[in-house]
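Asker: Attaching a single structure in structure tokens format; questions to follow.
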Amino acid sequence: MTTVSAAPWLDVPADHPFGVATLPYGVFSTAADPVARVGVAIGELILDLAPVVRLLAPRLAPAVAGPSLDALLAAGPRTWAEVRAAVTTWLTDPSFSDQLGAHLVPARDAVLHLPFTVADYVDFYASEQHATNLGRMFRPGQDPLTPNWKHLPIGYHGRAGTVVGSGTGVVRPSGQRREPDGGITFGPSRRLDIEAELGFVVGAPSRLGRPVELTRFAEHVFGVCLVNDWSARDIQAWEYVPLGPFLGKSFATSVSPWVVPLAALDAARVAPPERTVPLLPYLDDSRTPPWGLDVRLEVRLNGHVVSRPVFDGMYWTGAQMLAHLTANGASLRTGDLYASGTISGARPDQRGSLIELSWGGAEPLRLADGTTRTFLEDGDEVVISAVAPGAGGTVIGLGEVRGRILPAGRD
Ligand SMILES: O=C(O)/C=C/C(=O)CC(=O)CC(=O)O
Ligand SMILES: [Ca+2]
Ligand SMILES: [Mg+2]
């Protein structure tokens with residue numbers, strides 16, 4: 001496979017995570033022009049897409065004109081491919097330098113916004129290691145994996161209205177907690193946690209009553225982002241039986257500002273782990289090109305790396321999650337977001353949540369600055385970043401999602 005590199009006048013190193021093989025979409029504004037608008041990241045710059053498309057490909061202008069990615073998501077896979085091909089040409093062919101020059105903004109001068117209107121939000125549970133670890137802690141004495149786990153990707157519907165952009169402060173939630181003596185109290189969570197996840201962003205909708213087959217994944221899903229599904233473990237542990245997560249997870253979910261198109265992840269596709277239970281036909285991906293993804297994450301707490309989760313071991317793929325999510329005929333809307341569930345690898349340093357890293361609080365983490373943590377303290381900042389392999393040795397960056405814990409309001 002040949003690799004294209006950005007035009008020399010852009011000065012983007014070949015292995016930059018936002019090189020010309022990535023081209024993620026986001027929404028930005030600047031002090032000089034505070035209107036939120038669609039941008040494509042290239043190196044340390046952002047291409048202001050709407051004026052460039054108006055000039056060079058006016059037929060595509062409506063898809064990138066608004067203050068969000070919504071129109072582009074809704075436009076569907078043919079338009080996604082056309083816009084990506086056009087942007088690739090403009091950024092690699094030096095003859096476009098004059099036309100582009102006025103529309104490239106230094107990324108450091110930009111404010112990045114929540115990139116799309118989140119329609120529905122679903123959270124899966126696709127890591128066997130994470131499910132096993134949590135099963136051990138939440139349901140000691142039972143099989144860690146529930147009997148359904150290898151037959152279907154377990155998930156729940158979350159709260160779309162509290163999905164927030166990277167950098168938004170996260171107020172420590174309050175809720176009901178069961179104290180060690182059995183008493184029930186209400187107050188700020190004492191076991192506030194992170195969940196490092198990959199989010200799938202739905203573009204093209206589907207019709208009510210029509211399941212989306214495995215092989216149609218890329219016709220509906222536009223791309224991926226990073227997700228931090230903040231979780232209050234004490235609230236969750238008390239409330240979740242029998243209907244599943246509720247207020248312990250609905251107070252905030254942070255997403256990264258850049259959405260990386262599926263088209264950028266071609267070289268990162270890998271086979272998922274071997275399935276140990278036969279799958280029903282609608283989930284059987286043994287004869288379709290695989291949608292496992294070699295995405296490598298890094299979780300930093302106050303600047304210190306605490307984990308390096310890997311997505312390639314996830315038992316369920318994004319295509320299977322979508323097939324299952326729609327298997328009952330539930331329709332997709334533009335802007336639906338579904339997250340993979342916490343990404344935990346087999347090694348202890350690949351666990352994607354603090355409850356696993358500190359084993360329920362029993363084994364505090366020692367950070368490089370000498371402090372220790374079990375769960376999050378007020379003022380703590382968590383940054384999750386990720387990269388994936390691109391064609392010809394390039395690096396595909398997913399950017400980062402950032403969030404800081406603010407003290408609870410009132411008891
Ligand atoms: O096993 C449980 O009872 C709880 C599991 C989770 O909290 C995980 C969750 O929200 C889904 C995920 O991120 O994997
Ligand atoms: Ca989660
Ligand atoms: Mg949430």
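Cβ coordinates come from backbone N, Cα and C, glycine included.
Note that TrEMBL annotation is computational and uncurated.
Okay, these came from TrEMBL:
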- His130: active site, proton acceptor (ACT_SITE)
- Asp123, Glu195, Glu197, Asp229: Ca(2+) binding site (BINDING)
- Tyr125, Arg139, Gln236, Tyr240, Thr342: substrate binding site (BINDING)
- Asp229, Lys249, Thr253: Mg(2+) binding site (BINDING)
- 22-115: domain 'Fumarylacetoacetase N-terminal' (DOMAIN)
- 122-405: domain 'Fumarylacetoacetase-like C-terminal' (DOMAIN)
Asker: Would you mind sorting out which of Arg139, Lys249, Thr253, Thr342 (the binding-site residues) have a C-alpha within 10 A of the one on Asp229 (Ca(2+) binding site)?
Answerer: Lys249, Thr253, Thr342
Asker: DSSP secondary structure for Glu197 (Ca(2+) binding site), reduced to helix/strand/coil, please.
Answerer: strand
Asker: At the Cα level, what's the spacing in Å between Thr342 (substrate binding site) and Glu197 (Ca(2+) binding site), rounded?
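Answerer: With distance taken Cα to Cα, Glu197 (Ca(2+) binding site) is 5 Å from Thr342 (substrate binding site).
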Asker: Measuring Cβ to any atom of ligand 2 with a strict under-6 Å cutoff, which of the recorded positions Asp123, His130, Gln236 qualify?
Answerer: Asp123
Asker: Using a 10 Å radius around each Cβ and counting other Cβ atoms from all shown chains, which of the binding-site residues Asp123, Glu197 yields the largest count?
Answerer: Glu197
Asker: Measure from each Cβ of the recorded positions Tyr125, His130, Arg139, Thr253 to the atoms of ligand 1 and list the residues where some distance is under 6 Å.
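Answerer: What lies within reach of ligand 1, judged by Cβ under 6 Å, is Tyr125, His130.
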Asker: Name the one residue among Tyr125, Gln236, Tyr240 whose Cα is closest in three-dimensional space to that of Lys249 (Mg(2+) binding site); these are the binding-site residues.
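Answerer: The answer is Gln236.
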Asker: Taking DSSP states H, G and I as helix and E and B as strand, how many residues of the domain 'Fumarylacetoacetase N-terminal' (22-115) are helix, strand and coil?
Answerer: 48 helix, 23 strand, 23 coil
Asker: Measure from the Cβ of Thr253 (Mg(2+) binding site) and count the other Cβ atoms within 10 Å, all protein chains considered.
Answerer: 28
Asker: Work through the binding-site residues one by one (Gln236, Tyr240, Thr253) and name whichever has its CA nearest to the CA of Asp123 (Ca(2+) binding site).
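Answerer: When the Cα distances are compared, Thr253 comes out closest.
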Asker: Show, in sequence order, which residues other than Asp123, Glu195, Glu197, Asp229 on the same chain lie with their Cβ within 8 Å of the centre of the Cβ atoms of the Ca(2+) site.
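Answerer: Here the nearby residues are Ala196, Val227, Asn228, Ser231, Lys249, Thr253, Ala339, Ser340, Gly341, Thr342.
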Asker: Quick one: largest C-alpha distance among Tyr125, Arg139, Gln236, Tyr240, Thr342, binding substrate per the record, in angstrom?
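Answerer: Across Tyr125, Arg139, Gln236, Tyr240, Thr342, the widest Cα separation comes out at 18 Å.
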Asker: Listed binding-site residues are Glu197, Gln236, Lys249, Thr253; which sit with C-beta under 6 angstroms of ligand 3?
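Answerer: Within range of ligand 3: Lys249, Thr253.
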Asker: How many whole Å apart are the CA atoms of the residue listed as 'active site, proton acceptor' and Thr253 (Mg(2+) binding site)?
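Answerer: On Cα coordinates alone, these residues lie 18 Å apart.
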